[in-house]
Amino acid sequence: MSATDVFAPAKINLTLHVTGQRDDGYHLLDSLVVFAPVGDRLRLTPDGALSLQVDGPEAAGVPSDGSNLVLRAARMAGQESGQITLTKQLPASAGIGGGSSDAAAVLRALGRDVPPEQIAQLGADVPMCMKPRPQRVQGIGEQLSVAAIPSLPALLVNPRVSVPTPSVFKALRDKTNPPMPETLPKFADRSDCIDWLATQRNDLQVPAMMLTPAVGVVLEALHTLPGTRLARMSGSGATCFALFDDTEAMRFAEISLRAAHPDWWIASGLLGDQVQKSAPSMATQEA
Ligand SMILES: C[C@](O)(CO)[C@H](O)COP(=O)(O)OP(=O)(O)OC[C@H]1O[C@@H](n2ccc(N)nc2=O)[C@H](O)[C@@H]1O
Ligand SMILES: Nc1ncnc2c1ncn2[C@@H]1O[C@H](COP(=O)(O)OP(=O)(O)OP(=O)(O)O)[C@@H](O)[C@H]1O
């Protein structure tokens with residue numbers, strides 16, 4: 001039988017408002033999420049017992065045992081056989097949902113009906129990664145609604161410092177912050193969308209910068225690039241994104257950033273574009 005290839009795109013939180021905290025400690029969110037044409041790749045081959053091999057430029061430190069979200073998702077879907085190869089392109093613990101997107105990609109590939117409550121048990125980011133398209137995410141990550149966002153030329157930048165999500169939530173002082181407007185604006189064009197995004201927030205950015213000063217260094221570097229319209233952190237960090245008016249401005253900024261910071265993980269491409277299953281167009285560079 002033939003192998004199945006799936007693409008697990010990076011998730012970017014364009015906004016991330018923390019609006020409250022539940023009794024169980026989980027935080028209530030209001031977030032605008034898009035996906036990038038850079039991501040991990042998975043190959044599922046139907047032979048043998050269920051197994052996982054992890055390779056690729058970002059494989060170091062990613063577990064290949066039963067704790068990997070890929071195996072947890074496959075088992076949750078009732079899969080008992082087949083070899084899975086996970087090729088990591090996304091840095092781990094980076095705020096771009098690497099493991100969550102991998103888990104969602106496996107569930108998509110297996111095509112079994114797994115109840116949403118079970119999918120959410122794999123991680124708060126997994127439900128939003130099931131259908132990688134622009135969406136508004138509320139609740140603790142389980143309430144999803146489709147959003148209309150123009151494609152956004154972006155740089156994604158990680159300073160190669162991993163940030164554990166729980167410590168960033170813990171370091172957030174004010175847990176109750178304003179949500180996004182109940183109805184999101186209808187954006188006339190890309191520029192209008194970026195202007196509006198600039199009025200919104202990522203409430204985890206300040207605590208992440210306090211815990212991990214490298215986040216502030218990345219944001220400063222992105223702010224000073226030519227053509228940056230908006231720079232912000234994604235998720236709980238440390239990956240940050242910068243948005244540009246067009247792909248030319250994005251590429252120009254990318255060249256300058258790569259020259260200044262050859263040790264950073266840098267990717268570029270159109271956020272929110274229909275993510276291609278097998279032909280991602282985002283360029284990445286290894287350290
Ligand atoms: C920050 C985001 O990436 C935004 O999209 C997500 O909320 C986090 O998603 P995730 O990494 O899949 O999160 P999980 O693996 O479910 O949770 C990791 C830890 O983050 C904290 N957490 C996560 C989600 C949430 N709504 N409230 C939380 O407080 C909890 O301490 C939890 O133990
Ligand atoms: N498939 C996987 N890819 C990466 N890490 C994984 C995977 N499965 C389990 N992990 C473990 O999960 C941890 C978090 O990794 P992940 O890349 O999902 O980051 P994250 O920053 O929590 O994502 P986000 O907060 O945006 O959902 C890693 O330290 C790793 O030990």
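Using N, Cα and C of the backbone, Cβ positions are placed for all residues, glycine too.
In the three-state DSSP classification, Lys11 (active site) falls within a strand. What TrEMBL records for Lys11 (among others) is active site.
What TrEMBL lists as active site is Asp125 (among others). Under the DSSP three-state reduction, Asp125 (active site) is assigned to coil, being neither helix nor strand. Long-range neighbours of Asp125 (active site) (same chain, six or more residues apart, CB within less than 8 Å of its CB): Lys11, Gly97, Ser100, Ser101, Gly141, Gly235.
When other Cβ atoms within 10 Å of the Cβ of Gly99 (ATP binding site) are tallied across all protein chains shown, the result is 28. The ATP binding site annotation in TrEMBL covers Pro91, Ala92, Ser93, Ala94, Gly95, Ile96, Gly97, Gly98, Gly99, Ser100, Ser101.
The annotation domain 'GHMP kinase N-terminal' is assigned in TrEMBL to 68-126.
According to TrEMBL, the feature domain 'GHMP kinase C-terminal' maps to 200-249.
In terms of DSSP helix, strand and coil, the domain 'GHMP kinase C-terminal' (200-249) has 21 helix, 9 strand, 20 coil. In this structure, Asp125 are the recorded positions from Lys11, Pro91, Ser93, Gly99, Ser101, Asp125 whose C-beta falls under 6 Å of some atom of ligand 1.
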